[in-house]
Amino acid sequence: MPNAFALLILAAWPVVTVILFREMSQRRALLATLIAGFLLLPGPAAAFDLPLIPPLNKTNLPALISLVCLLYLNPEDNRRLLPDGRIAKALVLVYIFVPFATAATNNAPVFWGRLELPPVSYKDALGLSMQQFFSILPFLLARLHLASGGAMRELMVALVIAAMAYVPLMLVEVPFGPVLHSAIYGFQQSLPFQAIRGDTFRPVVFLEHGLWVAFFLLTATCLAWSLWRATGTGRTRYLFAAAVLSVMMVLIKSFGALLMLVLLLPVLLIRGRRLQVYAALLIGLFCILYPALKSAGYIPQDRILGQIAKLSEERAFSLEFRLDNESMLLERALEKPVFGWGSWARNHIIDPVSGNLLTVTDGRWVIALGVFGLVGFLAEFGLLMLPIVLLIRAGITRRPDAFDPMAVTLALLLAVNIFDLIPNATLTPVTWMIAGALLGYAEGVQTRDVDWRNRPLRWKPVL
């Protein structure tokens, strides 16, 4: 259970947010509020459970208070939360309101022996819909405020600074284990044995799981190297940050994140922007098609496990456990393929005697597919993938030098994050911020191109 200090910090966060918006520009205040809230606030178990709305915790409170501040400071601009494009707008609306369709198709209880799981009511749907809106707020706010005027670079720099500030906390937990959260906030947000890595530990700090720390560190490390490559002045500090974060990647012993870093750095530092964008597109398309490929048997599971076993038997066993569980959950999800099973663990397989869950949900894709069906899955992953598609449509592969180089880096890292949603559930506010910033940038580029093409031809003097 959270202690009093955890609830006090959570209650004080709106005050902190208001102070940040008073003392800083709207853009920087938004960055500080969302990133610091994600990294420092107690885990989701610490929450204010108010009537009629989902529990307010670290996953939604920073973005919600930021929206209130922005509406107060600049109501006209911040009312345009929905994207400009029809496809993006439709995906946002489907993402938010799909719970009502799920409720309409799950109005009967589910029985596992004597265990009865209740139907999904429209009251449940309202709560789930509000939860969907809260979760996507960082995406909508980033689209408005982090898409132009060098904002994407500020986003990258902010994430690198945040990761560097997190390094001392991670260094505490590498030898001693995940102790900070329980010592400060009074409860453990994940199972301690999952952090064991030989004679050291993978840090968890204040995030939900060590995998989240590892992927956040991976993102910041790649951004630091990209800033070092792109920056004309001040390159030394980014090189220093990149080196420190790279060493930290080795120390935390997160196999998957370290493997992705080794594969990503040559692409980021050596290859051109066009290849990076095409790589992002292929990775994203593979992830959207993954459920179909998995159900059709086109994923070479045994071959993948064999190759990983050559590197680490422990990691191969962990991946096999996840793949076996997602196979069972996929089979269950396909019983309600369109709008899913909804809440109340209806998407799980349950022991009819003991009532215990027989499945574990790790990958975000199988959670989205099982809870909200193919419609919910395509809305969520489509929103994440759409910025990359729009950038390509705007011509980033034909004339990459005409685009912000930071957009290319962020697009590739967004695609890698989408890929990580297959084995893990690392869909964080940072993910949504990057996707929203890229979508806003892509919309701006398309608008400028349309304005240029629509200008009338005029005679100009030669001399």
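Every residue, even glycine, has its Cβ placed from backbone N, Cα and C.
Remember, TrEMBL labels are computer predictions, not curated facts.
Residues or ranges marked as transmembrane segment in TrEMBL: 6-22, 29-47, 59-75, 87-105, 125-142, 154-172, 209-228, 240-269, 275-293, 365-390, 402-422.
Through the fold, the transmembrane segment (209-228) approaches residues 39, 153, 156-157, 159-160, 162-164, 166, 170, 178, 189-190, 194-195, 202-203, 235, 238-239, 241-242, 245-246, 248-249, 252, 254, 256-257, 260-261, 264-265, 268-269, 406, 409, 413, 416-417, 420, 424, 426, 428, 430 of its own chain, all at least 6 residues removed from its boundaries and within a Cβ separation under 8 Å. With a threshold of 8 Å between CB atoms, the same-chain residues lying at least 6 positions outside the transmembrane segment (6-22) that come near it are 29, 32-33, 37, 41-42, 46-48, 56-58, 61-62, 65-66, 69-70, 73, 184-187. Here the transmembrane segment (87-105) does not touch the transmembrane segment (154-172). Their Cβ atoms form fewer than 3 pairs under 8 Å, with each pair 6 or more residues apart. The stretch in 59-75, 125-142, 402-422 that contributes the largest number of Cβ pairs under 8 Å to the transmembrane segment (240-269) is 402-422.
Looking at 29-47, 59-75, 125-142, 154-172, 402-422, the range that has the most CB pairs within less than 8 A of the transmembrane segment (275-293) turns out to be 402-422. Residues 10, 13-14, 17-18, 21, 26, 29-30, 33-34, 36-38, 41, 44, 131, 134-135, 137-138, 141, 145, 429 of the same chain sit 6 or more residues outside the transmembrane segment (59-75) yet have a Cβ under 8 Å from a Cβ within it. For the transmembrane segment (154-172), the residues of the chain that approach it from at least six positions outside its boundaries are 27-28, 31-32, 35-36, 39, 142, 146, 179-180, 203, 205-206, 213, 216-217, 219-221, 223-224, 226-227, 238, 241, 244-245, 248, 251-252, 406, 409-410, 430, 433-434, 437, judged by C-beta separation under 8 angstroms. For the transmembrane segment (29-47), the residues of the chain that approach it from at least six positions outside its boundaries are 1-2, 6-7, 9-10, 13, 16-17, 20-21, 23, 55-59, 61-63, 65-66, 69-70, 138, 141-142, 145-146, 154-155, 158-159, 162, 166, 181, 184-185, 187, 189, 205-208, 216, 428-430, 433, judged by C-beta separation under 8 angstroms.
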